[in-house]
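For reference, the structure discussed in these notes is given below.
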Amino acid sequence: MAVAMRSAVQKAGASPRVSARRSVVVRSGKTLGGKGPVPPVEQDAYEYLKTCPGVSAPFDNVFDPAGLARTTNLRDLKRWRESEIVHGRVSMLAALGFIVGEQLQDFPLFFNFDGRVEGPAIYHFQQIGQGFWEPLLIFIGVAESYRVAVAWATPTGTGFNALKDEYEPGYLGFDPLNLLPEDEAARKELQTKEINNGRLAMIAIAAFVAQELVEQTEIFEHLFLRFEKEAILELDDLERDIGLPLTPLPEELKGI
């Protein structure tokens, strides 16, 4: 058998020594110069992204104007995907928390026994005292520890800051109400709705924070003042048409 292998190698134009060396290289993952591992063949990152939930109208293909998915590898893309999903979920909670917190701050049962929580939600962080943040930090630590155990690979020299190969970004197996469908198409549709709502929530919470920093008013207060101003301006148009005195615009509405 060895003679047959030597004959085949010689017919291919390579010496037995070079062939043996190449076989060792293939098994060890080293280059011929011994300078590092051979890059593994992996799925194209952009093609992978096209199969993920979140591709929906009005963009029938992947929305990537900066071309980031075309210039990265699959490992980094999955990590970005995980980050997007997690930030979307946090933003949905944050946007809901802004609205609920501002509406319930006058109720003592809403962890506001001494009435010190008031005004725009961006200042509630500083107003809440001891007894709230400690349990919250413990809960966040437990939740993140679970996510790290499920999703993240053990750090190594060549695999630092990477997800597990078998892990699907965003899927932690937490479904206490059993809402995730078994059907693949229905599951992908539900995941697309989640990620799209998360993207909208990231934009919304950024707008909430910017608006409250600039105008120093609560979200609904700002909205109702806008409605009041528009109503007065519409009334002024009507009064102007029929020759009646115009309704003056209150001072607090002039800057809106």
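Each Cβ is built from the backbone N, Cα and C atoms, and glycine gets one as well.
Per TrEMBL, chlorophyll b binding site is recorded for TYR48. Positions annotated as chlorophyll a binding site by TrEMBL: GLU84, HIS87, ARG89, LYS193, GLU194, ASN197, ARG199, GLN211.
Sequence features, as recorded in TrEMBL, placed on the structure.
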residue	record	Cβ neighbours (10 Å)
TYR48	chlorophyll b binding site	15
GLU84	chlorophyll a binding site	17
HIS87	chlorophyll a binding site	16
ARG89	chlorophyll a binding site	16
LYS193	chlorophyll a binding site	13
GLU194	chlorophyll a binding site	17
ASN197	chlorophyll a binding site	16
ARG199	chlorophyll a binding site	17
GLN211	chlorophyll a binding site	17
Can you give the largest Cα to Cα distance in Å, as a whole number, for the residues GLU84, HIS87, ARG89, LYS193, GLU194, ASN197, ARG199, GLN211 that bind chlorophyll a in the record?
26
Whole-number Å only: compute the distance from the Cα of ARG89 (chlorophyll a binding site) to the Cα of the residue listed as 'chlorophyll b binding site'.
22
Give the distance between the Cα atoms of TYR48 (chlorophyll b binding site) and GLU84 (chlorophyll a binding site), rounded to the nearest whole Å.
16
